[in-house]
Each structure stands twice: as structure tokens, then as C-alpha cells.
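First the structure, in the form of C-alpha cells, and then the observations on it.
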Amino acid sequence: LSHTHSDCCCYHNSPKSYILLKTWDPALKKRDDFEDILEERRSSSDLRYALRCYVPVVYKGIAPCKPGVLKTAVLQSDRLRHVVAEMSKETGESADVIREEASGILEEMAHRLRLGTVRFFAYSLSKAFKALFQRVRVNEDGIQRLQQSIQEHPVVLLPSHRSYMDFLIMSYILYTYDLSLPVIAAGMDFLGMKIVGEMLRMSGAFFIRRSFGGDKLYWAVFSEYVKTMLRNGYAPIEFFLEGTRSRTCKSLTPKLGLLNIVMEPFFKGEVFDVSLVPISISYERVLEEALYARELLGVPKPKESTSGLLKARKILSEDYGSIHVYFGHPVSLRSLAQGRINRSQYNLLPRHIPRRPSQETQAFVNETAYRLVRLQEENMVLRPWVLVAALLLQNPDGVDMERLVEQTSWLRGLAVSFGAFLDWPGNTKAVASSLALHTGLVRTEGGRAQLAMEPKEPGSPEEDLFDRAASVLSCASYRNQILHVFLRPALLGMAMQMAEASRKDDIYSCFSFLRDVFSNEFILCPGGTVQDFDEACYMLTKCAAVHVQKQEVVATEKGQRILSFLTSLFQPFLKGYQVGPAPFLELVDYPRHFCFLGFLPSLTCYEALSSDVQKNALAALLRMKVVRKLKV
Amino acid sequence: MASESFGSEEEEQQQQQQRRRRADRRVRALSGHLEGRAEQARDGPPTERDTELRSRSAVPRRRQEVMKWNGWGYSDSRFFFNKKGQAELTGKRYRLSGSLIPGLKDWFEGTFGADLKHESPAKVALCAGAVPPPSLGEAFVAGLQAAALPFSVETEDRAFRSHGHCLHEIFALRRGKVGRVPDLVVWPGCHDDVVKIIKLACQHNVCLIPYGGGTSVSNALECPVEEPRAIVSVDTSQMNRILWVDEKNLTVHVEAGIIGQDLERHLGEQGYCTGHEPDSMEFSSLGGWVATRASGMKKNVYGNIEDLVVHVRMVTPRGVIEKSCLGPRVSIGPDVHHFVLGSEGTLGVITEVTLKIRPIPAYRKYGSVVFPDFERGVACLREVARQRCAPASIRLMDNKQFHFGQALKPQVSSIFTSFLDGLKKFYITKVKGFDPQCLCVATLLFEGDRERVLWHEKQVYDIAAKFGGLAAGEDNGQRGYMLTFVIAYLRDLGMDYYVIGESFETSVPWDRVLDLCRNVKEQVVRECRERGVQFSPLCTCRVTQTYDAGACVYFYFAFNYRGLADPIHVYEQVEQTARAEILANGGSLSHHHGVGKLRKQWMREAVSDAGLGMLRSVKEYVDPDNIFGNRNLL
């Protein structure tokens, strides 16, 4: 475990670098206003809406392509022909058989967009959304930017993924605004649902297997399919950078496979540019709230099935508050790659021959992925409940309502100064409405608010523990939504505590260590330590919590409250990393820094039970070579 | 002495008897030469060579007498808008000369957002004091005098040889500005003169810059400001004799200063041609072609310059480089000709060249094909190349260039013609359903026996039909080629109204042609927007040459610069990003314009470190004192 000081020399904050940082200051970020798209739905006919004339703008005036034509184009592409010939040579199988196989894969994968199905969804989702949500709010400026982008360049839509609702919402919004419907990369699991799977296919979903690591043919068909759609700009391509729904409401480390695929046509000059559009979908209350907590505690995910969906109808009777969908600024891949990617590296090989991306390219794709996830995070609308949940979790014994209102308002000030995107109805109302919407998670009695930890009907001690942990995890999933705002300053706060001295170099090395430890847990772009440290210093200086000097970082009197809030906000993760993986581990090394983490054998922290934390902690320990995998 | 207009020259010439013309020419050459001599008081007595047959060139020693000092081509030929707003080309040299072009104004104003009310005329003369007096070592001048070499230190002569035809060069001239100019211009009359000049230059450490036709568009003729020595321009225009014609082997031995039109005219008188016709052939010289690896329009039949050259003689500070025989192909190590071809004046002066010649074809026919879109046009050209049945020339203009060509149609005199035009248009757009905003045109030129041409024509049209192409007549074809001869004159017209433009070219594998064209055009548009150009630019391309493994693509790029403080800087930056985009899309640094100083920054990337080192070591051996210090290429 070595974290050298080699990269420390450049982080000394000169006044000049502050000026530079100020232009970046998240609190100054301007964001668009929202419109509620359900408002019109409540006052006019859903049927007419579903049957209205739908003529979306398309890329350079290209006519949307018939699925059949698309399939032929893929099967006859140079790339696929090349791979088929190669495989035939390798396996001795006749090319026809392999081609047949490719055709089968494509059949299973491809979307079959039908306007009729889209209209059916438009109708039924209108009904469902009106029943479930108070409002579905969209930033219309973002829609306008998107409309512009769609006509100029191929567009890739990258929504955050918190719920099954995400892609339904996305298509619904695009349909509402007369934009071309995206084709959506979906997991094969949905095909398990009778009828519904096929209906999703007809509304633009295409299905990919969860894992196909070594299958060259599958990879070729899949990537060529996506690239053909992108090159010809038939429709925006939509996929989830995070790969799967985040059960914890924290952003997940991005997956790079699809991002690599959609970037390649640009690298090879087949398209002029690609617009990457980060989209942040935030739910006031996630539909899968209870399910997620159970999953995190080890109850397997219920299999996607049509009957399960029908059973879930009862959720229609509950209130899930509002949804905010923020379409971020389209990011031009060309601008990102400027000076980073030397595209002439593709000059010497025919473009249909697959090649492993160069290291430079891999690093670029990875960095871009992190950047896009951070853009998603930045534009997530946070509801007051998120702050309330954070405070309640820090006070398991409950808080007086008055004090809660005061603390929430204080926290709001801090969050805003760190750049949080809050939807705020006023202090008192904020707390009251939060508590009202989440009655399942919080109890208010005698002017005190407290997490609802007591099981409704007492069972065995194990069951009680399970229920308590489940409600803590549900609550934590809301708090998690704001962690990205506080992450960097909190890491600095913890580093200051850990360093037990104010020397900047020491603090930096602790910061760097913590950042390394938590890089599976949070979105921390590899190689961005110096920048993150500078950001953290800047933010904490701005709220007067610390004093950054040339050699030292010192906490101020006033800063104690902020720092202690920040450290306790992340305490559950520290604890989780201490106890979480412990039962499975045989330590090979016991480095100095882990002394600080200290292995506390008590089980006071329910969050440590989360399989997500355990998984991340284990991955971090493996990555840092603190532990070693033995034969399973 | 004036050159005839292109296209009609051969027929006329063939009617005349060769013998009589030769006699005529002899007389003219002699008298012309004596006149020329009279101008230079410093000249020595007539030497033996002056009594030899010497043809009168279309370009005299004092070029400014017939050519513009601050624009393209002949002084008597320029475009202007008359009072009715119709464009006209003055003079009598070209097919378009004297006719009215009614469509140009609308196209011009519509394309560039330009307005004839907003003029940006050129200065009439160089600014006083723009050219500093020459600084020369007396010994060197004395040496020239002793060797009886004609030279000049006049401002006009020197300024004329201080530039090529890059946009920034012409733009500065129009504002009366010149950069560094040569201190002296010398006119060698033969190979031996060049040997003397180089010897003197080596003795006195003077920097030499060879000058041929002056049509460079790679900044190759610019005199380096940082050069501390005196700079002497070696104008080869007087080395323009055809030394011999070998009808048995079909070769010709020519002095390298001859310009394209003279070479073809003189060979034509004897029933031959080289077939090398770069777009600049009215003014560019044989030596220049060799030094830049030029490409001719009809290379499909005759080959590019490297295919035509049988033998080269070049004088370098290290001595004369040449091969010892005229063998048609040799295996004697790396071909030393290839150090000369493309050397861009960095190694020495090319003095004599032996070229292949061909009998003038009996029959020549233009043609054109309309395609519904550029994609299908490119696919057709690719198929023609695959079947190796390309006519002498085949070019595919994109939609914008097609409209440009249409705007240059001269006013038709008869109602019948305009009715026919209307009918054609109706047929293509309405009956065949071609979108006027998408369709594009391929222009064709066939040469050979009548039978063969007709058969060949059918073959090409059959292929075109497979890609949705419709034959669109000879007229369109011919007009397409005319565009290339008048485009540089049109640039001067644009510059009268705040529009600046330039061309650039590349070569690229077939599968990347479409992607490259699209991406480069978009890059130009995007870059212009980002750099504050207020009107959308014109960026149009054509595929001008087909090869087995790829094609040559030629771009025109122009924009209205009103409102920009430093239009040339903006222009240069856009051009740079366009070149970077070309390279990123698998295009070459240059197909035929050369590297010069304009594209030098990409040489390392283009030929690798070791490759650049090889070129450097040749330069170091041949010219250790950097006498040929134009700083091109390396």
C-alpha cells in the first residue's frame, strides 16, 4: 500500500488557483427551470394525446429506418463479415452456420419500434403517472437543446438509473415533446416477462445479455448493431452508464462497454461528432424503495415477471411525490477528445477490423464516463427529505421538530454553498411535507421525529433486526442522494481528523488514502486526487470551516460544526469498511492507516449490513492488495 | 504572343502547316529576344545561345507587363460586375471572356451574404517604402556581371518573386504590403548559367530561391524573414527551350523553365503532347511540376509527373545530379529521381527534364453524369476505378460546386437554348425526382480514337447508370473544367467584396472518402462559427482523381469576412483545423500542392522521425551550407 507524495507538489493553493476555481464554483452553476408535464395530462384527453400526430425531428432529415433494413445492414456489414470469416477459419464451422447464429443473436437483440405500441404506452403511462406522481417536472430548456442536438449529430442519452421507471419516463417525455424515441439498451431479464418484454421491444428497447465476455460473435453483432444505429442517426441511443439500477441511490461506478462502442464511430471518423447527454432523474420517493433495502440485506431480487408486475399494482394507490428530470447540456465528444485522442492511429488498419483500444483511449473513455456520471449527479434535484433523512440518521434517538427545522435549514445553507441543486418550498413546509410523504420511514410523536425502527409486529430477534436494518437502509438511500455534494469536503474533514496534525502534506496523503479506499463506493475519477483536494479546500474555505495556508490546513472555531457533521455523515461507510468484510477476510497486511479505521467488533451500525458496502469494501481491499483472494 | 483560349487551340493549330509555323516562330523568337535584350542595359553581349531557336513564351521576363502583380493571371483578364449587376470577364483569352454571366451575382450574394454595395478594392500600387533597397555583396553582383547573366534589382521584379498564390500572400499584396522580397532576380538562360549562379552563390554565401511559374500555394516562395544572407531569386522562365524531340522513343528533352501552355503548344505543332495538364498549366513550369510532384488532370491516360519523367538534371551545390541513361525503368537502388521529385527547391535547381510524349489524340469528348446524391457519385467513381476504365479525366463535384458551376453559365443568346435548359432541369428534378439540393455532377473527358472513345463512353455511362446516374451532356462537362481555370480569377473578384477563399487538397483511401468530405466540411463550418465568422462559409469539394486504392479530394473554402478584425488569421486557423481533420480521417498531407512552409508542421507525423531524418541527411549532404534556403519541407 503505497501512496507516495509524488503528486503532492502541485496542490499548494496559490491565490491564483482560487480564482481559477471560482469560475468552477458549483454554487454558481446556473440551472434551468422546470415544467410539469402532467399538468396538461390532467386537463386534456389522454387518448387524444396518445393518438396525436407524432412527427419527431430527426438527424439531418434522415427517415427513421425500418428494423428489417437495420438488421440487414448489420448482418452485411464488413465488420460482421470479417468476424464470421475469422470464426469460420478458427472453428472449422461453415460460414453459413455462423451467419445463421449471428442472425439469431440479432433477432433476439433487436428492437422493433412500432408506433402503435408507443401510443399504447403513451396512454397507459399517462394514467399510471397521474396516479403515482404529483408532478413530472422537466427542464424545457434542456429539451430544446436536445432537439437541436438531435438534428446536428447522433445523440446518446445517458440517464441516471434508480428505478425501472427511468426508461419509461424517458421515452414518455421524448414522445411528449415530439422528439425521436430512443432505442434503449435493456437487460435480457426483461424478456422473461411475457408480452411485456415484447412490448418494450416494440417501444424501442433492445436486449443484451448480462455477460458475454468471451463470445466474439455476440460482441460483434451487438457492437455493430449499436454503431449502425449511431452512424446513420436513425434514433438517439439510450443506455445507463451505471449498468444497473443503483439500489443505494448513490451513483454507481460507470461501466465502459457501451460507451466504448458509441465513441468508436467518432474515433474512426465515421461520424463528425457524437452528443453525449447526461440526464438526471430524481425521485422524491423511489418505487422500489422497500425492495432495494431487502435486496441489500440479501433477499434476492424478484425475477422480472408479468405476474409480478400485475401484483405490484397496489403501488398505484400510494403517493410517490414528484419526479424531476433534468436534461443536461449535450457534451460534444469531439470537444472532449480534442488533444486527447490522436484519431490518425486508426488510419493504418481497415476500419472494420476490430482492435483493442489503445491505453490512451481506454483512459479517455474511463475519464469521460466518470465525468458524465458526475454531471448526472450535479443536476440531480434534491428534495428536503434528503436532508431530513441525513439528520435523522445521525440522531437515531430522534430530534425535536423545532430543532430539526433549524438543523435542516442550516444544512440547506451548507448544501447550497457546496452546489447542491435543491427544490425548496420553505423551511417549515420542507420538513413537514417530507415527513408526511415518508410516513413509512419516520415517526412523529409528541413534537419529536424519529426513524421508524420499531417493527409493526414483533417477531424473532433476527426478524426485528432485519426490519430495523431495512428501514435504516431505506432511509440511508435518501441520505445517499446528497453524499456527492459533501463527499470531497468530508474526505478532507476525515483526513484532517486522521492526520492528527495540520501539516498539509500529511493531510493530503490521508486524503489521498481515503479517496483511494472509497473509490469503489463513490464517484471519484481516477487520477483526480489533486483536483479533488483543491476543490475540498476551496469549499471548506469558502464556508470558513478551515483555513488553508501554505503548509497547513487548520480547522476554525466555526468550522467544528460543519466538520463534525461531515465526518459523521460518512461515518457509516467508515464503519462499514471496518466491520463489513471482516468476517470474510484473512488479512495479509495490516497497514498503518487501517489502525485508524480500527476494527471495532460491535455491530451498532446497521448500514454495515448492506451487501453493497460489503461488496465495495471487499473490492477496495482487494484492489489495494490488503487482502488476497484464496481459492473459493 | 498571346496565348489562345483553352479548348479551341488544337483544332485551330492543326489546320495550319507545321513548316510555315516553325519558320514564323523562328523569326518571332529572334526578334522577341532581341527586344528583351534591349531592356537590360547591364546585359553582356549576345552569346552563342541567343542565336539558337528560342520560343517566345507567353510569360515574359518582366512578368508584370502581362500579369497582375497582386492577383491571379493576366492583367487583361478579370471579373467584374457591370452596372446591371451581371458579371463579366474582360479580355479575349477565355471562352467566358466577353460574355455576360447573369447568375453569378445572385449566387454570390446568396452564398456569402455578400453585397455588391460593400466593396473592398485592392490598392493600385505597392506602398511606398514597402520594399527596402536590396542588400547585396558587390562581389556576387560583379560575378553575375562577369558571367553576363541578366539580372534585376528593380522593386517590381523583386516583389513579383516574393510570393506565390496563397490567400494571405495575395491579400497582403492587395493592401499594398509585401513581406521580405529577394534582393535580386537573376534569369539563367540554360543549364550552364545555373551552374555558374550556384557556384557564385556558394562562393559568396548567398541564399538562392528557385522560381518557376510562381503559382505555388504552399507558401513555398515566401522569403524567410529570419534568413540573414542576401536572397536571390533564380527565375527559370528564360530556360524554356525544347532541346530535342525523339519520335522513335516518344520522348522530349526540355529546359525546365518552360511553362505548361508553351510546352503543349510547341509539342502540339509537331503533333505531340505530354498530356500533363495541372489546373495551373497556363503559368506553372515544368521544373515546378517536378519539384512539387504535380498531378495532371488527365493522369489516368498519361500519368502524374513522376510517371512522365524519364530523366532529370538538377544542379546542386554538390554538383549535378542525373542518371546516365534513358532506360525506361531501372533497378539501381533507390531511385535518385525521387530525391528530386518533390524537393521543393531545397536541394537545387532543376534545369532539364526528359519527358514522355504521346501523339495528340484524334478525338476528344467531354461528358457529364448527374447523380441523385454525392454518396452514389462516389460509389460510381469507385466502381470505375475498380474496373480500371477511368476516362482521361473524371471528377465528381458536390452539390454546392454544381450550383457554383451553374451560376457561371453565360447568358444564352437563343430562346431555344434556354428552353432546352429548362426542359433538362424539369426532366432531372421532376421526372427523375432528383433533389436539386442533393444532386451532384461528374464531369468526364475522353480522349483517343473516335471508336474507342465512343465505346469507352458507353462503358462509363453504363456503370454510372447502375448508381442512378443520368448522362447530362457535354456542355456541363466542359463547364466543369472551365471552372478550374477561372476559379483563381473568381477569388480576386470575391476579394473585391469582402470574400476570401482558398483551395486545399488531399488523397484518401476509397472507404474514407465520404467520411472525410463530410467531416472536413463540418469542421470548417464549426470552426468558422467558433471564430466569429458572421456568415456561413462556403465549403465545397470534388473528387478530382481516382486511383486503384483511393482518390484525390479537392476543397474550396471561402467566407465573407466583414466584421472580422483579422480575417487572415481566422482563415489560417480554420485551414489548420481543416488539415488536422483531414489527417485524422486518414487523408494525406498533400496530393499535389506540396508541403512548402504551410504544411511543414505535419511533416514529422506524415513521414515518421526516421523518414524525416532520411530527407534531412540528403539535404545536409547535397547542400551543407543551406544555399537553397527557402526552408520548405523540412
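Every residue gets a Cβ built from N, Cα and C, even glycine.
Annotated region 'Disordered' per TrEMBL: B:1-60, in sequence order.
Marked as compositional bias 'Basic and acidic residues' by TrEMBL: B:34-55.
If you look up TrEMBL, you'll see B:178-360 marked as domain 'FAD-binding PCMH-type'. A mean pLDDT of 96 is what the model gives for the domain 'FAD-binding PCMH-type' (B:178-360).
Long-range Cβ neighbours of B:Gly348 (FAD binding site) (same chain, at least 6 residues apart, Cβ-Cβ under 8 Å): B:Ile198, B:Pro210, B:Met314, B:Val315, B:Thr316, B:Pro317, B:Ile321, B:Val622, B:Asp623, B:Phe628. Look at B:Gly348 (FAD binding site): DSSP puts it in coil. For B:210-216, B:292-295, B:344-350, the entry in TrEMBL reads FAD binding site.
For B:Arg395, the entry in TrEMBL reads site 'Important for enzyme activity'. Secondary structure at B:Arg395 (site 'Important for enzyme activity'), as computed by DSSP, is strand.
Annotation comment: TrEMBL describes B:Arg491 as substrate binding site. Spatially close to B:Arg491 (substrate binding site) yet at least six residues away along the chain are B:Trp72, B:Leu167, B:Ile170, B:Ile500, B:Gly501, B:Glu502, B:Ala558, judged by Cβ distances under 8 angstroms. Following the DSSP three-state reduction, the secondary structure of B:Arg491 (substrate binding site) is helix.
Under the heading active site, proton donor/acceptor, TrEMBL lists B:Tyr554. There are 23 other CB atoms within 10 A of the CB of B:Tyr554 (active site, proton donor/acceptor), with all protein chains counted.
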State the Cα to Cα distance, in Å, between B:Ala294 (FAD binding site) and B:Tyr554 (active site, proton donor/acceptor), rounded to an integer. 14
Given the binding-site residues B:Pro210, B:Gly213, B:Gly345, and counting only Cβ atoms in the protein chains shown, which has the most within 10 Å of its Cβ? B:Pro210
What is the interatomic distance between the Cα atoms of B:Tyr554 (active site, proton donor/acceptor) and B:Ser216 (FAD binding site), given in whole Å? 16
Candidate with sparsest Cβ neighbourhood (10 Å radius) among B:Ser216, B:Ala294, B:Arg395, the listed recorded positions: B:Arg395
B:Arg395 (site 'Important for enzyme activity') and B:Ser216 (FAD binding site), Cα-Cα, nearest whole angstrom: 23
